[in-house]
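Peer 1: Take this structure first; my questions come after.
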Amino acid sequence: MAYLLKGVSILGAAPVDLYIEKGVISGKPVDGATVVDATGLIALPGLVDVHTHLREPGREDAETVETGSRAAALGGYTAVCAMANTSPVADTAGVVEQVWRLGREAGLVDVQPIGAVTVGLAGKQMAELGAMATSAANVRIFSDDGFCVADPKLMRRALEYVKAFDGVIAQHAEEPRLTEGAQMHEGEVSTRLGLTGWPAVAEEAIIARDVLLAEHVGSRLHVCHVSTAGSVEVLRQAKARGVRVTAEVTPHHLLLTDELAAGYDPVFKVNPPLRTASDVAALRQAVLDGVIDVVATDHAPHAVQDKECEWSYARPGMLGLETALPIVLSVFGPQWDLIADRMSIAPARIAGLDGHGGDLTQAGTPANLTLVDPAASWVVDPAGLASRSRNTPYAGMTLPGRIVATFLRGEATVLDGKVAK
Amino acid sequence: MIKHLRSAADLDAATATLILDTAAEMAALSGREVKKLPALRGRTVVNLFYEDSTRTRISFEAAAKRLSADVINFSAKGSSVSKGESLKDTALTLQAMGADAVVIRHPASGAPHRLANWVEGSVVNAGDGTHEHPTQALLDAYTMRSRLGRLDGLRVAIVGDVLHSRVARSNVLLLTTLGAQVTVVGPPTLIPLNVAAALSASTKVSYDLDSVIPDSDVVMMLRVQTERMQDSYFPSSREYSRRYGLDLRRMKQMQEHAIVMHPGPMNRGMEIAPEVADSPRSTIVEQVANGVSVRMAVLYLLLGGK
Amino acid sequence: MAQPRADAPSKIILEGSDLSRVVDRIAHQILEKTSGATGTVLLGIPTRGVPLAHRLAARIHAFEGVDVPVGSLDITLYRDDLRLQATRALGKTELPPGGIDGLRVILVDDVLFSGRSVRAALDALKDLGRPSSVQLAVLVDRGHRQLPIRADYVGKNIPTALSESVKVTLTEIDGADEVKLIGGLQ
Ligand SMILES: [Zn+2]
């Protein structure tokens, strides 16, 4: 099907009529194209999330590839990288191919599996990274996310090993001995609440170690969900030295602080934990500076019983796919080039997703894009989200920016704010 | 009056003083032949205990019964709690049973806050994780006031594992609210980095017990678990005891009127020497008796009215 | 029960020396009825019953040189209407050193109305000991009893409407002696 996006503004530029045909941006008008009135709407390259938990296989009660894909499309995403901490763990070609195939079947976003670095995420023995890389899933990002690859020798080897197929290790930076039993950011609030602290240094120490290792072996490193001002400084210095490191931050770390733990509602429990207002400020600046390359959701659905309980017993994590762009918009305002880079172009580059994050002004660019109404605002209602889970920390908040439509290779996955298939 | 007692921070000075004054009346009445008072007749108090604490449970039970409330003990042993029923499901059961108050002891910090979302009655924190134990702080304050006549301006040293102590947290909050000057003392590993900013700006920190003792009206010793040794908080019981234990030599440095407190259970020979625990300065036995009066006051003030 | 509004019209029934004379009269009646107030204890019901009990004891001493022990009996925990109001602070309960067992207890209160306070006082008293008899002295009886209770000594009977209320103030607590009738249809 062909589409005419009438009066659309590409990244805030003057309105144009944009034609889509045969999966790509068309350079000339197309007869019989379905007209989408895009007056006042902004076209962004389809968003790419390098950090999504889809929970399938294993916890289909919390999310499936299908429900997660719907949430992603509604959030403006055309590609998501599915983390490996499923059950079974995505540490073999078989599991990553299964996830990849489920994504294709859902057909709403490109689901790009991330492979585990170590067998069973146990941090002991390297998984068959090469087999995953050459599987149908074509894995490029490897991560034990949820756990840190804490063993420095194993981390060094993994960084080296993936060079053979241009892979990247995405590190969940958390020194495990410094965070035993940790429940929230270590600071005034944790002292007041009597919750075991997760000190910032536990993240910063691992990032510092890993940028030195990456530098030493000349490998690429990606740092997941950077959460502290100190981490930003370590990354800033490493980048200045030319270390091949990229980093992501989550929308929630750009907005929320540890004060929210005061009522012990585990909807605010996440790993790494919500930090202080000065960390939030440093992270925002790092996104503006490019020290942080990517905003990634760390979309982490959890079943009701895993959140409606005592704080210490609750699982960490927050929904993110359907609220990421509105949060980023509320934090940075309509800086569309910045948003497109941090949420689409840079993540597509890091994940090696060639058809994503393209230039929408060029004919022939794959038609992976999303249309946003920046003037619309909406109130987050957990029950109204497409995710199977309800653990959004933004319930009741009014957010700017409504996703009106999303196109994956020229086909509408979302139209009028609803899933189109 | 407040609805719940989840934290000592729920209490302003007027409310805390009202509780202490009410406790004094309760204490005066408890000397009588007939110990029961009819005030809470027809009210149901549930003791929901996820941790073994016979002392605290019995204290709350005695308090509720002396006010003629019906008491239901719901303990982790021998109930659905041990079969893994969630706190929320348990709360809904208690709600259906018509609990007017739930007294909860729980190993997870903040469990009383969660519970208060799911029951209509009052929630009383009887100790949650490493967070708070507000009725212990109230009975400590009551004991200090009975012995020393005031709280305002009193210099109180709280000594030991402040980091993991719910008693310490509640005491710092309550005592500073009532005008006392609190110094927390212990090895730096067991004192939170930001205790004054987190709890109360006037709180002082010292790592040197000997320098604090001569200036203190109250020396409150906290229980120190020997397991902390395995986790490198301090090297050995012997070294801990030598640096932070209250022995006879240190007790002799105390002022004439100064008292020694301990929330119990004590590690005799570790944080407190037996001769100190049994000395006339020690209020340890009074603390137990005062516990019932203070808990009667709390239950009455939470449940006695509309 | 509906309370009169704060700005409702009011009428002073007793003040200053009138009130003292009424107290004197009750003291005389007690002496007369109890053959010199021997074996007698006065228990004031907080708040205003307590200073009244002390005044009665002082007057009895002045008239006859007899020392009548005085105490206070708080009834809060025994009230049957606790749950109808916000939680009330407790008053003091203090028995005289000789206790009450085997003695004649005279309960002292400011106003007798429905009789429920007196019933609560009788319940409280029963938990404290076993007096040989119990009597009741009140400054004002305003009628409208809901229970079979009457006073042995009444300072002043004030017929009232239910829409009215009687307010007693005493120097010890309020800074002035006064009995006022407030509200009603005038
Ligand atoms: Zn992670």
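Each Cβ is built from the backbone N, Cα and C atoms, and glycine gets one as well.
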Peer 1: Can you find which of A:Asp145, A:Asp258, A:Asp265 TrEMBL lists as binding Zn(2+) 2 at the same site as A:His172, A:His225?
Peer 2: A:Asp145
Peer 1: Of A:His253, A:His302, which one shares the substrate site with A:His53, A:Leu54, A:Arg55, A:Asn85, A:Asn271, A:Pro316, A:Gly317 in TrEMBL?
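Peer 2: TrEMBL lists A:His53, A:Leu54, A:Arg55, A:Asn85, A:Asn271, A:Pro316, A:Gly317 binding substrate, and from A:His253, A:His302 it also lists A:His302.
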Peer 1: Given that TrEMBL assigns A:His51, A:His53, A:Asp145 to the Zn(2+) 1 site, pick the one from A:Asp289, A:Asp293, A:Asp298 that the record assigns to that site as well.
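Peer 2: TrEMBL lists A:His51, A:His53, A:Asp145 binding Zn(2+) 1, and from A:Asp289, A:Asp293, A:Asp298 it also lists A:Asp298.
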Peer 1: Cα distance, A:His53 (Zn(2+) 1 binding site) to A:Pro316 (substrate binding site), nearest Å?
Peer 2: 12
Peer 1: Any of the binding-site residues A:Asn85, A:Asp145, A:His172 with a C-beta atom under 6 A from ligand 1? Give them in order, or none.
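Peer 2: From A:Asn85, A:Asp145, A:His172, counting a Cβ under 6 Å from ligand 1 as near, the near ones are A:Asp145, A:His172.
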Peer 1: Quiz question: given the binding-site residues A:Asn85, A:Asn271, which has the greatest number of C-beta atoms lying within 10 angstroms of its own C-beta?
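Peer 2: Top count of Cβ atoms within 10 Å goes to A:Asn85.
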Peer 1: Based on DSSP, name the secondary structure state of A:His302 (substrate binding site): helix, strand or coil.
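Peer 2: SS state of A:His302 (substrate binding site) = coil.
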Peer 1: Determine the minimum-neighbour residue: among A:Asp145, A:Asp298, listed as binding-site residues, which Cβ has the fewest other Cβ atoms within 10 angstroms?
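Peer 2: With the binding-site residues A:Asp145, A:Asp298, fewest surrounding Cβ atoms within 10 Å: A:Asp145.
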Peer 1: Counting only residues 6+ apart in the same chain, whose Cβ is under 8 Å from the Cβ of A:His225 (Zn(2+) 2 binding site)?
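Peer 2: The list for A:His225 (Zn(2+) 2 binding site) reads A:His51, A:His172, A:Glu248, A:Val249, A:Thr250, A:His253, A:Pro272, A:Ala296, A:Asp298, given in order along the sequence.
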Peer 1: Beyond A:Asp145, A:His172, A:His225, what residues of that chain have CB atoms within 8 A of the centre of the Zn(2+) 2 site's CB atoms?
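Peer 2: Those within range, site residues removed, are A:His51, A:Met83, A:Ser143, A:Gly146, A:Ala170, A:Gln171, A:Ala173, A:Glu174, A:Cys224, A:Asn271, A:Pro272, A:Asp298.
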Peer 1: What's the CA-CA gap between A:His53 (Zn(2+) 1 binding site) and A:His302 (substrate binding site) in angstrom, rounded?
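Peer 2: Cα-Cα distance, A:His53 (Zn(2+) 1 binding site) to A:His302 (substrate binding site): 10 Å.
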Peer 1: Specify all same-chain residues, apart from the site residues A:His51, A:His53, A:Asp145, A:Asp298, whose Cβ lies within 8 angstroms of the center of the Cβ atoms of the Zn(2+) 1 site, ordered by sequence.
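Peer 2: My list of surrounding residues reads A:Thr52, A:Met83, A:Gly146, A:Cys224, A:His225, A:Ala296, A:Thr297, A:His299, A:Ala300.
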Peer 1: Compute all pairwise C-alpha distances among A:His53, A:Leu54, A:Arg55, A:Asn85, A:Asn271, A:His302, A:Pro316, A:Gly317, the residues listed as binding substrate, and give the largest one in whole angstrom.
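Peer 2: Among the residues the record ties to substrate, max Cα distance equals 16 Å.
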